[in-house]
Every structure is written in structure tokens, then in C-alpha cells.
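Enquirer: According to TrEMBL:
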- A:21-41: transmembrane segment (TRANSMEM)
- A:66-86: transmembrane segment (TRANSMEM)
- A:107-128: transmembrane segment (TRANSMEM)
- A:155-176: transmembrane segment (TRANSMEM)
- A:197-221: transmembrane segment (TRANSMEM)
Amino acid sequence: MARTVWDSTVGKKTVMAVSGLIMLLYLVVHMIGNLKIFFGAGEFDHYAHWLRTVGEPFMHYEWTLWLVRVVLVAAVVAHAVSAYQLSRRDIRARPSKYVHKKPRASYATRTMRWGGIILGLFIVWHILDLTTGTVHPGFRPGHPYQNVVDTFSTWYGNVIYIVAMLALGLHVRHGFWSAAQTLGVGSRRRDRALKTVADVLALLLTAGFIAVPVGVMTGVVS
Amino acid sequence: MKLTLRVWRQKNADADGTMSTYEVDGISPDMSFLEMLDTLNEELILRGEDPVAFDHDCREGICGACSLVINGDAHGPERTTTCQLHMRSFKDGDTIDVEPWRASAFPVIKDLVVDRSAFDRIIQAGGYITAPTGAAPEAHATPVPKPDADFAFEHAECIGCGACVAACPNGAAMLFTSAKINHLNVLPQGAPERETRVLDMVERMDEEGFGGCTLAGECATACPKGIPLMSITQMNKEWLRATRRVGKR
């Protein structure tokens, strides 16, 4: 059965839909967590520390966090590998372009591939910047509030982050609705509702995430 | 009407093709697009040139033989087949680009004619029901709920022209395959092969080298028979159901 799924275009889209929904669920939680930054360093740093102690005493220190990380890495890899293989196939299936060109499909649809690559690169930078601190001069482990303020005090930090979050909004807008079709839960009756949920999710995520750099830039968070 | 045509000319499957320009005059707005091409071909034959090869058969919009990407649209600007497209949809003096369906699973045979036998092989993989041949069965022997009959008919309208593949940025045959699967899978007559049909037809579709679905929706916009995009959603649902069931056997 796993073989059937992985070898089929419909199956690979199912892998993309499920992994995408897992990441989407994570993003909603992540976005809500981020908003604690507006309640001061104490609350934000406390929240960040709590992420390591979730599930105690059943789970050991950081076990839950690592479990989430493993699931997310698996989801990212499954999503990206499926997308790469399907894209290769799609390009091979339509090798010659039409001479008469027309603008086709919506903006969100056309930007799925490039948007996905931008998001992939962003995730790498984001982890090196705020989790490991590798590309973050003056990174202080255990002081996430200060680290976030540092990042968004640089022009490039803001540009990278805001561009990525706009790409995320477009990606989620087409991706959520698309996942519903792939999993066969879309219908004519539900279509309007699904499109509305996709738009609202995309808007809330983008706005919620961008609120943090805007907060730092405007001095609300310092 | 006087028109400038830019038509894809390609001697055979292996030759390189190119867009050739032709002027046609004396075109009536009441002519169909194919009659306009007939007019061009008569002139080309009189001049001793090779006429433009294109597919056509019933010219009533029900056989699925005609094709052509006209000004970048499969079957041209109206939502119908090329044979039912009339020249009144164009203006005097227009330049019209005419190209064949483009997909690696639909190789060009000559000029505007492509090989669509990949569709036949998808049908062979599961687009049938098992029933004894002979006299027609009693019509009321197998009751079909009205909504199911309507759903089946909506999908059975597919004429297999391939406009969905031509319009799809991924050269995918999802709309065709889903229409053919759905119209049988919803009916009691199609129930015995419900799982194998969807699995085998999707597998064949992939083997033919068609692309995957990114839900751009171009197929449903181009379809002259109005097969809805939701047809693909329904196929995905059937495919997932069949994968679960067959996995258990």
C-alpha cells in the first residue's frame, strides 16, 4: 500500500497534503506563541522555557520539543521530496510551450513552486538565526526575547522575514484548499467554505507573524 | 472577413515544426473554425502546397475528434469544441495563432494532429463494466437514484478530446481520467470494478507520462463539456478509498 501511494501522482499529492497540514497546524501554534512577545520579556522567555518542559514529568526535559522537531523535519522532507518529484514529472509532461502565451491560473497557484523554495531557504536561515544562533552575531542562548529584538533591528532580518511570510500566505492560500481536494473532502457545497478558511488562515498567519518585526520596528517591542 | 493565420506546420513526428503565416480572405462570420481551415486548405491545394493536417469528424461537437489551441486557448475563445466555434467570435483583420495540443503524452503526428491513443489505453485499463452482452436488460432491473444518475451523466458527457491535457500547465490528464472513473463508479453497474477501476486507470495515466494535478483549474475552464474541477476531487476520494480497501485484502 505504501508503495502504491508513493509511486502514484495522486498518492504523492496525498503525501504533500498530509505533510502540509501537519506543518500548517504547527504554524498556527507557533504564531500564537510568538504573540507573547507583546507582553514583555518575562512572559515570552517563560513561554520559551516552558516549550522545553512540556509533558513533564511523563516526558523528560526537551523530549516533547524533540518529538515535535522530528515530526516537523519528516513533514518538511516528505513535502519537499514529493514536490520536487512531481514538479520534475510535470515539466517533462509538458516540454514544449505554446507560442501564443496567456496569463494563466491565479497568482497563488503560479507561485507554489518558487514560494516553496523561498520558504525552504527561509526555514534554514530562521533556525540558524534564532534556534542555533549560527548566523546571529551576539546570540544569547536562553534569551529569546532579546534575540528576536536583535534580529528585527537589522534591515535584512526584517526583509527576509517579511518576504518569507508573504510567500507563506500565498502558499497556504492555495495549499490548504488544494489539500482538501487531494484528500477528497472538497465538494461543490463546501467549496466556498474551504476557500474562505484558506483565505482566513493565510491572512491570520501572515499578519500574526509579521506583527512581531513590525512591533520591533515601531518600538512597541524593544 | 480577411484574416492572418499563424499555423503550426510540422512534416512528421520527427521533424522540427514552425509557425507559418497565411492570409485567408472571403471568410464568412457564419463559418465554423474548421470550415475556415477548409477554405485555407483548398487554396493551398490549388497552389500545389501541402494542406494543413487537422483532426475532425462529426463537426457536431459530440465526437471529440477536433482539437487545436487557438490564440492560446484549447478549442478557442468560446466554451465549445473547435468545430462549433464560429468565425463571428473573431474580428475582421485579426491574427489568429493555431497550435496543436501540447503534451509529451500527445506527440505531434503532423501539423495540428496529435496522437491521443494514450486516452484509449487509460480507458482500456478500467473504463468498462462487466456485463453479459446480448439483449438490452430490463431498464428498471437496477434502480439508480436520480442524483447518482445525474452525476454519472455529467461525467459521461466527456468526449475525450484532450482539451484538459492541452490546457493544463502540467500536461495532466486528471480531468479526463476522473470523468471516466466517476461516471462508472457512482453507478451500481460499475460497482464490481469500483476499486480496480480507479487504481488501474490512475496507474495507466501515470505510465503514459501525463503530469500531476496542481489544481490550477485550467482543465475545467477549457473543457467544452463543462466537466467540473471537483471531478478530480471525487477521483482522489475514490483512489484513497480503493487504496485502503485493496491494502486490507
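In case you wondered, yes, glycine gets a Cβ from its N, Cα and C as well.
Those TrEMBL annotations? Automatic predictions, nothing curated.
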Enquirer: Can you tell me which of A:21-41, A:66-86, A:155-176, A:197-221 gets the most C-beta pairs within less than 8 Å of the transmembrane segment (A:107-128)?
Expert: A:155-176
Enquirer: Should the transmembrane segment (A:197-221) and the transmembrane segment (A:21-41) be scored as in contact, given a threshold of at least 3 Cβ pairs under 8 Å and pairs 6 or more apart?
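Expert: The transmembrane segment (A:21-41) and the transmembrane segment (A:197-221): touching, yes.
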Enquirer: Which residues of the chain, 6 or more past the ends of the transmembrane segment (A:155-176), have a CB below 8 A from one of its CBs?
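Expert: Result: 20-21, 24, 27, 106-109, 111-112, 115-116, 118-119, 122, 125-126, 129, 194, 197-199, 201-203, 205-206, 209-210, 213, 217.
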